[in-house]
């Protein structure tokens, strides 16, 4: 009973509401745009957030990613610094190549005669530079450890002879020398080795013959090694400077005792100023005018010097008083000290050493 009454009472109310809503919402077609309504701030934020989210998803999602390239470039081979060639490895490889080439050439061109004469040739060509080059090629010297194999046949057995210790000292000094040119600080040791060779000419005859056939002794002219005092001119009055002569003789004796070499030394050559000047025709007349007694006192140690030279030729320019007047100027005595003579032995050794280096370079170029 109560339900029926409620339904009957609610029906007119529901009908009125439906009619009011239909009247309030006007009808429109699907193609027509809805009426513009003001949008709220929250709705704008939601729309912006959705737009940013869509863009982010498009950029990061693998669904929209481009397809991978089918053909890819292979990655470069990975290697460490240990695999790279070093300077030592390159030098060692070159030495092995040189050693292999030398062994091939030696095996192809070797004959029984060359095998017999090989030790003699090595002994004759036993210059420090050549021995060092050959020792480096045949493995006698190891630059990494600094060891020298004295039993190497490239040394010609010189390390085992009676002068073996002298040879080892000189050769090792030359190998480790840092001077330029190389070996300049080892001249004394090589001189000692040569002196030892001279004591055994039957064993080291080839070495001595090679040294004798080397470069000739250089001509130093008036500056040849001499143990005697320098010859000087005489006084015009013919008197000797006795005090100067005694002092010069004493100095010459000291100089001979201190500068005399061990065995081999070039003989002293005394050259007087009067003898050298005799070759000049312009001075011959002046020399002939002097008495013989003045010429005999040429080794007094004093030198006569003029303040102004006397012109010999005819006047060239009349404006200069030297060409107009020939005036004899009084000579005065000047004491000349003893000049130290050159050491010809050391000079010869240096020249021979340089020639040996050049010969070693030529041999190395030929072998290459």
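Here the Cβ of each residue, glycine as well, is placed from N, Cα and C on the backbone.
Quick caveat, the model's predicted, so the values are computed rather than measured.
Look at Swiss-Prot and you will find 1-29 tagged as transit peptide.
According to Swiss-Prot, the topological domain 'Mitochondrial matrix' annotation covers 30-47.
Residues or ranges marked as topological domain 'Mitochondrial intermembrane' in Swiss-Prot: 66-368.
Residues or ranges marked as compositional bias 'Polar residues' in Swiss-Prot: 105-121.
Of all Cβ atoms in the protein chains displayed, 17 besides its own lie within 10 Å of the Cβ of residue 152 (disulfide bond). Look at residue 152 (disulfide bond): DSSP puts it in coil. The disulfide bond feature in Swiss-Prot is assigned to 152-154 (among others).
Per Swiss-Prot, domain 'CHCH' is recorded for 160-204, and the stated evidence type is sequence analysis.
In the three-state DSSP assignment, the secondary structure recorded for residue 196 (disulfide bond) is helix. The number of other Cβ atoms within 10 Å of the Cβ belonging to residue 196 (disulfide bond), over all protein chains shown, comes to 18. Annotation source Swiss-Prot lists disulfide bond at 163-196 (among others), citing sequence analysis.
Each residue in the motif 'Cx9C motif 1' (163-173) has a pLDDT score, and their mean in this model is 83. The motif 'Cx9C motif 1' annotation in Swiss-Prot covers 163-173, and the record cites sequence analysis as its basis.
According to DSSP, residue 186 (disulfide bond) is assigned to a helical segment. Swiss-Prot lists 173-186 (among others) with the feature disulfide bond.
Marked as motif 'Cx9C motif 2' by Swiss-Prot on the basis of sequence analysis: 186-196.
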Inset, instruction - Could you break down the residues of the motif 'Cx9C motif 1' (163-173) into DSSP helix, strand and coil, giving a count for each? - result: 10 helix, 0 strand, 1 coil
Inset, instruction - Go through 163, 173, our disulfide-bonded residues, and report the one whose Cβ sees the most other Cβ atoms within 10 Å. - result: 163
Legend entry - Cβ neighbour count (within 10 Å, all chains shown) around residue 154 (disulfide bond): 20
Legend entry - Cα separation, residue 173 (disulfide bond) to residue 163 (disulfide bond) (Å, whole number): 16
Legend entry - Of the disulfide-bonded residues listed as 152, 154, 196, the one whose CA lies nearest the CA of residue 186 (disulfide bond): 196
